[in-house]
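Novice: I'd like to ask you about the structure that follows.
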There are 6 protein chains.
Amino acid sequence: MFFHKKVLQNPATPERPDPLFAKKLQEILGGQFGEISVAMQYLFQGWNTRGHDKYKDLIMDTATEEIGHVEMIATMIARLLDDAPVKDQEEAAKNPVIESILGGMNPQHAIVSGLGAMPVNSVGVPWNAGYIVASGNLLADFRANLNAESQGRLQVARLYEMTDDRGIKDMLSFLLTRDTMHQNQWLAAIRELEAKEGVIVPSTAPPELEKQNMSHVLYNFSEGEESSLGSWASGQAPDGAEFQYSAEPGPFTEEQKLKPAPPYTHNTLSGVTE
Amino acid sequence: MFFHKKVLQNPATPERPDPLFAKKLQEILGGQFGEISVAMQYLFQGWNTRGHDKYKDLIMDTATEEIGHVEMIATMIARLLDDAPVKDQEEAAKNPVIESILGGMNPQHAIVSGLGAMPVNSVGVPWNAGYIVASGNLLADFRANLNAESQGRLQVARLYEMTDDRGIKDMLSFLLTRDTMHQNQWLAAIRELEAKEGVIVPSTAPPELEKQNMSHVLYNFSEGEESSLGSWASGQAPDGAEFQYSAEPGPFTEEQKLKPAPPYTHNTLSGVTE
Amino acid sequence: MFFHKKVLQNPATPERPDPLFAKKLQEILGGQFGEISVAMQYLFQGWNTRGHDKYKDLIMDTATEEIGHVEMIATMIARLLDDAPVKDQEEAAKNPVIESILGGMNPQHAIVSGLGAMPVNSVGVPWNAGYIVASGNLLADFRANLNAESQGRLQVARLYEMTDDRGIKDMLSFLLTRDTMHQNQWLAAIRELEAKEGVIVPSTAPPELEKQNMSHVLYNFSEGEESSLGSWASGQAPDGAEFQYSAEPGPFTEEQKLKPAPPYTHNTLSGVTE
Amino acid sequence: MFFHKKVLQNPATPERPDPLFAKKLQEILGGQFGEISVAMQYLFQGWNTRGHDKYKDLIMDTATEEIGHVEMIATMIARLLDDAPVKDQEEAAKNPVIESILGGMNPQHAIVSGLGAMPVNSVGVPWNAGYIVASGNLLADFRANLNAESQGRLQVARLYEMTDDRGIKDMLSFLLTRDTMHQNQWLAAIRELEAKEGVIVPSTAPPELEKQNMSHVLYNFSEGEESSLGSWASGQAPDGAEFQYSAEPGPFTEEQKLKPAPPYTHNTLSGVTE
Amino acid sequence: MFFHKKVLQNPATPERPDPLFAKKLQEILGGQFGEISVAMQYLFQGWNTRGHDKYKDLIMDTATEEIGHVEMIATMIARLLDDAPVKDQEEAAKNPVIESILGGMNPQHAIVSGLGAMPVNSVGVPWNAGYIVASGNLLADFRANLNAESQGRLQVARLYEMTDDRGIKDMLSFLLTRDTMHQNQWLAAIRELEAKEGVIVPSTAPPELEKQNMSHVLYNFSEGEESSLGSWASGQAPDGAEFQYSAEPGPFTEEQKLKPAPPYTHNTLSGVTE
Amino acid sequence: MFFHKKVLQNPATPERPDPLFAKKLQEILGGQFGEISVAMQYLFQGWNTRGHDKYKDLIMDTATEEIGHVEMIATMIARLLDDAPVKDQEEAAKNPVIESILGGMNPQHAIVSGLGAMPVNSVGVPWNAGYIVASGNLLADFRANLNAESQGRLQVARLYEMTDDRGIKDMLSFLLTRDTMHQNQWLAAIRELEAKEGVIVPSTAPPELEKQNMSHVLYNFSEGEESSLGSWASGQAPDGAEFQYSAEPGPFTEEQKLKPAPPYTHNTLSGVTE
């Protein structure tokens, strides 16, 4: 169960309305790596975790915090939309400031949500659950979480560059901060699990199942051999084996050939093309 | 530019047709972490990389290999569908083997693709580009890649458990192998970058921008303190600072209040609810 | 079967082209509560209605009218796009009116549809059938219809505020009018059914199936007790029972615990995290 | 901010695993009218409400409860998937019970989530935010809420018919109960607002803006006059005016004609078709 | 405007219910090339056609017929779902016929639509407007229409193979027939336009804008020269020029290199990877 | 397998950055008929082709070329985004050129991709696989390909009108050229197949299966008889039979009536509405 407290972790109050920035801020609310994504990703991971109590609690602590971050950004967006001008742009073109606002704001903020935040990204595409990851394998999922917090903090840093409003910057600063914690915590949890399981996910599909001569080779499928200079092309691999480099990938199997289709498919008959 | 060679890295030939497994195999072709996703993710990352030659080449080597993996799985699926029975299931129910096939196969394999692979996942949802990640920040994106290869290898391992067909198992074994290499290579590349930039992405949004007292604190938003027992709640964090634990999160700001909406939004008027 | 007559219920002729308003008007054509949604919703409801002749006819009357409304708005949009300027915006920036148009119009109106209406909303997201409702239960669906006509009329009223073009306003006035009728008619139909079935949908899942002590309680899950002041927290409920208010929700069941996953899932093993 | 307590409102424990029912139950978790939809709908409505304290609190109370309902159903689904068989179906066809399970379960429950709940519906389509409604107009949105609770309770009632498992039935009984409360509460709130604003949404777009002769007419666009027999075709309408019935709709405007497209669109030139 | 007549072009009455076939039949109702697609495609083409009266009327004739085909298939699906069994499958497994039905039917037909047709395809993915084409160029669009009627008739032919029910076969026979007409009519219209404009769309982007030495060359990007044997590799091309074949594609431009990203993007800095 | 060569077919170098045009150019990269669509469509067609070697090779030649076109346009977009201004628009409004750029560019180019191309269309909707066609019937699919190349070249021609940048125009000129070849080649392949199979797809569902009196009739479902004047209403049809015109479509079947729903659906009961 969840309980709601009518406070925020940050005031989420801009110096002044700015409907254009409201549109951009939607990216970290309802985009691929917005707060809805991390909240939902952590909730499903937490609910599906079978045992593993301290990890499950860590996930639920963070999931619950993230619902509050959705609330915080939604509040900021509503305030950025206060009294947004909505009149016809061709008229407004006589006043360049008004006009630039009308041309750039998300029209759904005026037509659909009545000056409220929406569960969409910065171009207005609705959030969808195809963004999230919850596999039941903790090491795999903590890597997903580290990825999400890395992409998320990167987007917050970019938005920070795009405004001079001190209220917005203060909230973005708060988000940068918490994403630092969240990157740190998932890194720490990953290190714990890697120390026990090794670095290859899943650890339970062991090397014996693999084709040994191919498991540490970098194949040169793109012209140029710059990639052979990296730490991934020679020396010890993270899992302890030796990296190899193959300048000319191969051997390969024979040509891909398929059997003819049966008549009931109404595919092109063999005879037609002979 | 790309060039196509009419060979595969693995024979991709099952012992016998199995339209039900064809449906399941679609997950690693057209699912969130299927081969289309990694191919497209790496292609966009490679094309957008500005300089950084050895990394760009590594990405393009791998991207190009992955297009070949899409081809390989598509070939396997077409062969698993050879001569799939398509007759009416109620009739077929008299023959339990036929019937189980009809009930479980993806009907689009018969109606839409004419016994061919489709760019969809194991429940038939079309692949979409909202799955992929290409941010321009290499450390962020290599974490996305490590995540993708971890989830992908996990799914391959699960499919491996679901069949006794030696041809399918041979191809899945090949995929387990290459995913081991790909996890290793992204891990190696991540370590190179972390050694130079530190572990927090982006390194260019420095601690000064943050709210220092909140950047390493685990807040206890979910009842129970099991999470305080992990390496993420005390001791040195991966970025070198000290983790802290806050059993009772706070302080918070005041209540979230919004200004009334202007009349032109036709939102509920203030007077109505007083 | 359907038949088409080459007339409209409203002239759908703007005073002058306005490609920016064309973009906004797409919301009530191809948005969540646009005319495609109501047309498709009513068509599927009507086709699926089993008996109930006067209701089925009412639904089909309205469905068929709505296809005509799609046509009307599509016509208006095409006219608003007449001779839309499409030249490069950086050049156009020297002329602020042209420039504001270029910056704000939907680029697909120029590139994809050749100055025609599209089945998309005001940010360009294609219409999809996940918007519509047709459940086979008339009272449930008439509530869906009342909702759709309420949201739809609200959006029309907002668009009405955004323009001074008398031709557009005339068409929007027509739509306001018909949405008034449609709200009235669904309200009347709802009252007929509620009088016979009661207000809780479905009436055929009776109170005996319920947990009686929980069916009329408002639980206070959000801090603050303002909600206890409403007509939903005490007194007679619409279905005749008495509302109750619970300031401290409970009792609850024990902690959510799940069994370990079997090994073939390759989830994290129990031993790893102990 | 939100806080999580490790309890549920219902035990959510089935008598025995049933992966087929797990698939079906996804509808009320991640479908159009599943618990994710109501949770997100109420959260966005609550966050965007500007003033109107008792309504805002009511919305937030209910929103927060619904997040807990997502948790409850996710828990039930995970338990229904305990030890789900995943072996190849063609083999399994020799055992009809196993086989029926394999043919009917959602393959992603085995391949993607590792026997956990997913944010998808009963056919595996991911949840998306295009399902939800938050307009800023309380009366409009309470109608959306009444609709959602009506469709939702209807689906729960149908699922109740599909199982004999007493644990599942107990949880569905709980959901039937709470949906009764939620229908009652939104009905009560609607009645409060209608008493103050009238029944037509939005009340702030008054009759003067409308085409008076068309605002209460049922047009007979579908052959047959059964619809003229309802309470929506004559007598007093819910807003107080008189309903009318028009057996032969009209008058209409002239034919829909559009201007030729300019040459830079590369549309078909006028001359070509003359 | 549209008018509805309560008749169908075909009885749409199956010999007996068959919920499994109902699921499959959804493909030609709500799939990529189902009747909703052609109805919507033709409606938008017709509404957007500027002049060209006989073509516009042809499009509208066909569009209006197709709405009736949606109705016809929806009716058939509702009848195939009559009294569909919905009880729990594990129980049902004791009766193989019942069980095969439960395992294979679309669960939403029971849970969501109450035994009615839905605007989805054969795997349950909702129809979306990204399927349709309406460009304003008649020759381009008639090719889209020919494509749609070809794919559509192919799918109908495949469904025809999958059933022995004479009622279903009769309706599919009707659809095969009308798709023959529609292929013929779009072919005839294409020939009219090609005779006037030439075969390359758009005719208004003339050869002078092109790179002449590349406009009729088949490049051999896929190993093997089988493609050089076709009528597209030598001899006269449909537009009158001569086809050429290039066994070794080239020349190409220099390597793809991009400028470094500016610091405010927080992309990986140049220095980090040197 | 595929191999990558670090060259392009065209320099893809604009005269100067232009983030607004970058947004528009996304249409032919990630839109319905962008290069991702044709690349994926041809790849799946090629991989699924069963025999038919010269056609399969033709498809794979073209598919592989198209992946290179995606690369080319992605490169152009990245260059158009070089040093794109990203500062707050309200500030920028004082400088009309900067401001017009900020208002019109895709915010995700700054926030999400770090000035790189994205797999989305010109309004930011992600590419999805529901756009593509691969049916196993070559004639059907070559018509899909001709459609795609016609729509694609039309969009390129429109973009060509929208810019004066010689570098962009040079690349668009290249694309116009290759689309001419591709239209020619699919036309040639279509003519080969039509000569052998006839013009109606699929040829294997013969006239005997059809309702002969309806297979060549144009029904007048839209008021006005302009359509009777075309070559599709009388004279010889492309398949050799005679076209007919029916001014008053009919005969039709009786009224669409459905059986009542069973009680377990909780649909509206028959008694309620009588």
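If you go along the chain as it appears here, the first residue is 1 and each next one adds 1.
Glycine too: its Cβ is placed from the backbone N, Cα and C atoms.
Any TrEMBL annotation is an automated prediction that lacks curation.
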Novice: Which of these, C:His109, C:His182, C:His216, does TrEMBL list as part of the Mn(2+) 1 site with C:Glu35, C:His69, C:Glu149?
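Specialist: For the Mn(2+) 1 site that includes C:Glu35, C:His69, C:Glu149, TrEMBL also lists C:His182.
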Novice: For C:Ser222 (Ca(2+) binding site) and C:Glu149 (Mn(2+) 1 binding site), determine the Cα separation and express it in whole Å.
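Specialist: Distance between the two Cα atoms comes out at 31 Å.
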Novice: For C:His182 (Mn(2+) 1 binding site), which of the binding-site residues C:Asp57, C:Glu66, C:Asn220, C:Gly224 has the nearest Cα in space?
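Specialist: For C:His182 (Mn(2+) 1 binding site), the closest Cα among C:Asp57, C:Glu66, C:Asn220, C:Gly224 is found at C:Glu66.
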Novice: What whole-number Å value do you get for the CA-CA distance of C:Asp61 (Ca(2+) binding site) and C:His69 (Mn(2+) 1 binding site)?
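Specialist: Pair distance, Cα basis, whole Å: 13 Å.
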Novice: Hey, how far is C:Asp57 (Ca(2+) binding site) from C:Glu35 (Mn(2+) 1 binding site), Cα to Cα, in Å?
Specialist: 19
Novice: Are there any residues in the same chain, six or more apart in sequence, whose C-beta is under 8 angstroms from the C-beta of C:Glu35 (Mn(2+) 1 binding site), and if so which?
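Specialist: Expected: C:Ile28, C:Leu29, C:Glu66, C:His69, C:Val70, C:Ile73, C:Gly152.
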Novice: Out of C:Glu35, C:Glu66, C:His69, C:His182, which binding-site residues come under 8 Å of chain D, measuring Cβ to Cβ?
Specialist: none
Novice: Helix, strand or coil: which one is C:Asn220 (Ca(2+) binding site) in, per DSSP?
Specialist: coil
Novice: If you draw a 10 Å sphere around the Cβ of C:Asn220 (Ca(2+) binding site), how many other Cβ atoms fall inside it, taking every protein chain shown into account?
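Specialist: For C:Asn220 (Ca(2+) binding site), the count of other Cβ atoms within 10 Å is 24.
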Novice: Could you give the number of helix, strand and coil residues in the compositional bias 'Polar residues' (C:265-274) as assigned by DSSP?
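Specialist: Once the DSSP states are binned, the compositional bias 'Polar residues' (C:265-274) shows 5 helix, 0 strand, 5 coil.
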Novice: Around the Mn(2+) 1 site recorded as C:Glu35, C:His69, C:Glu149, C:His182, what other same-chain residues have a C-beta within 8 angstroms of the site's C-beta center?
Specialist: C:Val38, C:Thr62, C:Glu65, C:Glu66, C:Ala148, C:Gly152, C:Leu175, C:Arg178, C:Asp179
Novice: From the binding-site residues C:Glu35, C:His69, C:His182, C:Ser222, C:Gly224, keep only those with a C-beta under 8 angstroms from any C-beta in chain A, and list them in sequence order.
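Specialist: Among the binding-site residues C:Glu35, C:His69, C:His182, C:Ser222, C:Gly224, the ones whose Cβ sits under 8 Å from a Cβ of chain A are C:Ser222, C:Gly224.
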Novice: For C:Glu149 (Mn(2+) 1 binding site), list the number of other Cβ atoms lying within 10 Å of its Cβ atom.
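Specialist: Excluding its own Cβ, C:Glu149 (Mn(2+) 1 binding site) sees 27 Cβ atoms within 10 Å.
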Novice: I need the CA-to-CA distance for C:Gly224 (Ca(2+) binding site) versus C:Glu149 (Mn(2+) 1 binding site), whole Å please.
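Specialist: The Cα atom of C:Gly224 (Ca(2+) binding site) is 33 Å away from the Cα atom of C:Glu149 (Mn(2+) 1 binding site).
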Novice: What is the interatomic distance between the Cα atoms of C:Asn220 (Ca(2+) binding site) and C:Glu149 (Mn(2+) 1 binding site), given in whole Å?
Specialist: 32
